[in-house]
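All remarks here apply to the structure that follows.
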Amino acid sequence: MVPRNFSESQLRPEPERAPSNSTKISYRSHSSSFEADDERSSSADHDSMGPDIGSAHRDVPAQYAGEDTRLTSRKELSGWYAYGFAAEVFVICGIGSFIPITLEQLARENGVLLSDPTQPCGSSSTHLPPGLHPGSAKDSQCVIYLGGLQINTASFAMYSFSLSVLFQAILVVSISCAADHGNYRKRLLLFFAFAGSITTMLFLTVVPKVYLLGALWAIISNTCFGASFVLLNSFLPLLVRHHPKAQYGTPDFSPEFRPSSVDESPPEHSLNEPEVAVYDERSALLAHNRISSQASDVAEPFPLSKDSTSIELQLSTQISSTGIGIGYSAGLFLQCVSIVIIWLLNGTTFSLRLVLFFIGLWWFLFTIPAALWLRPRPGPPLPHTGGENSKGSRSWLAYTIYAWSSLFRTVKLARRLKDITFFLAAWFLLSDAIATVSGTAVLYAKTQLRMAPEALGLINVIATTAGVLGAFSWAAISRTLNLKPHQTILACICIFEMIPLYGLLGFLPIVKRWNVVGLQQPWEMYPLGFVYGFVLGGLSSYCRSLFGELIPPGSEAAFYALYAITDKGSSVFGPAIVGAIVDRTGEIRPAFWFLAVLVGLPAPLIYFVNVERGKKEGAKLAEIIEGFKIKDAESAGEGSRGSSIDHESGQNEGLIYPRVGENAGRGRNDI
């Protein structure tokens, strides 16, 4: 927090852009009743957050009514980070740890032994005697009967997760258009955040007799979480595009700077003049002091130099990694609190439900800062529907229909993009592996290794700590080894493959005789938890930022919806297949064969991803989509108006792409 000690008359001049032809013309939005009051006026620039380059107003022609292209502010970035701090605890502590074991425990208290249907199962800590080899535990498996089907209690949790992912995928597609067009991006984010957090708190009301209600709350909360994070991800390219470092060009974040001047002629400097404070990846977006009272608060770089990796990709990776690290830190803290609660209450089912209540409460409370600080960043009006004149159910029906039709069209066009196709195919498999390995490991530790809930929570603490370390370390590792983003992802995959392969060692007769190694002892889960977390910290940030670099500009939410469908949609299959394997064999260990294949398959696909080629193909795709939009506008009787808008401002009904003639020989500088 920086104290404000200067008046309105001391406002710094508007920053002068460095000569660069790679960024878009933009202007300050005066719209959105949904953004915080302190983000709507010039006086807001003097808040407690300190002087902020992100508040600079740029009075240039608008590309569509209500567009907000103010520079990204420190407060806005804080809002983006705040939601990660709020919601990551759900996926780390909830989905990644306590929701699966709570569902399994609730089902177990209503189940019977597979070997003796007249015998109730009891708790998971009593059904398998100490020292009993997991391979001989088939007769001790617990099952429930649901709709005439016999389901293993571990499979019940996996099936619940698969079902939640299915609904999540459908919802993500349906809301993608509302996020891309109009002023719904932030509203939907907050709606799903509060709905998901409240549903998570409702786990406190679930008792064993109504264990199916627990599955319902899990489905709703996970669906809301996934939808909210898709909306959060759609903010990332916009935050990067309008970030001062991207707009004013600071390659490698270590450029030479010159003070901006109100005069168009370059200022003359003396060698003994004090330097102007500059921004780098280690400094806040706000200057905490003024090196010279004569210098402007805003520093302007020299023209951009060519770099093998774009400024946007570096910045996107930095912001994404920081967000992941902040979220993991929150998850780590709450996980430790949860372990204490479970230990104090002796690991009862009530203690698990109480922990889930606190997870939902955390999610709810820390969403409030995001609601206050995050700007809506509205998109253009929805084409052919009358824009804001369409209201109520008809408006939402139009958004939903348009979203699905746009998805099918986007999929058809995306097939022409070689690198996006490679990446999405790899991400389909990789994200499924990430989700399935996590759930399978937790349930294996609970049912096969008889680990208590607090011990399972400790595994997650280790994984989360490693995730924080990985989120901040992989960037340094990548720089040290001079790895490209896709090579960093490949390194993560190779390490990730160690987890299922280690579990498969338990099938070797010689290893079985050792009664250790190959996940035969509970302590073995802890080092594997570290490996999982460290790898996930790198994959989460690098995959998200790499895909952001390939997205055609102006359609972020739609393409991130496709990213999320590929991500969450794939997770319908992995847990369901593992559940089927468990139901068939009575054990979880055979599922490691499936996981080993699932983790390894994405590697060759990621290997062929080329970012620079993908960016060029994205520019071509932009022109193709633009042609579709013009054709649709003409067929709706709006051809003349659409052509006028297109020629005058380069905007075409919500998809903003470079004009072919204007951008010949120009590299794209936004993601």
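Heads up, the Cβ atoms here are built off N, Cα and C, so glycines get one too.
Keep in mind that this is a model prediction, so the values were computed, not measured.
Under the heading region 'Disordered', Swiss-Prot lists 1-67, 251-271, 634-671. The compositional bias 'Polar residues' feature in Swiss-Prot is assigned to 1-10, 19-34. Feature annotation from Swiss-Prot assigns N-linked glycosylation site to Asn5, Asn21, Asn346; the stated evidence is sequence analysis. Marked as compositional bias 'Basic and acidic residues' by Swiss-Prot: 39-60. Annotation comment: Swiss-Prot describes 83-103, 155-175, 188-208, 212-232, 324-344, 354-374, 422-442, 457-477, 491-511, 523-543, 560-582, 591-611 as transmembrane segment.
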Taking the Cβ of Asn346 (N-linked glycosylation site) as the centre, count every other Cβ atom within 10 Å, in any protein chain shown.
11
Might you confirm whether the transmembrane segment (523-543) is in contact with the transmembrane segment (591-611), defined here as three or more C-beta pairs under 8 A between residues 6 or more apart in sequence?
no
Does the transmembrane segment (523-543) reach the transmembrane segment (83-103), going by 3 or more CB pairs under 8 Å (6 or more apart in sequence)?
no
Can you check what DSSP calls Asn346 (N-linked glycosylation site), collapsed to helix, strand or coil?
coil
Are there three or more C-beta pairs under 8 angstroms joining the transmembrane segment (422-442) and the transmembrane segment (83-103), sequence spacing 6 or more?
yes
Sequence gap of 6 or more, Cβ distance under 8 Å, 3 or more pairs: do the transmembrane segment (422-442) and the transmembrane segment (212-232) meet that?
no
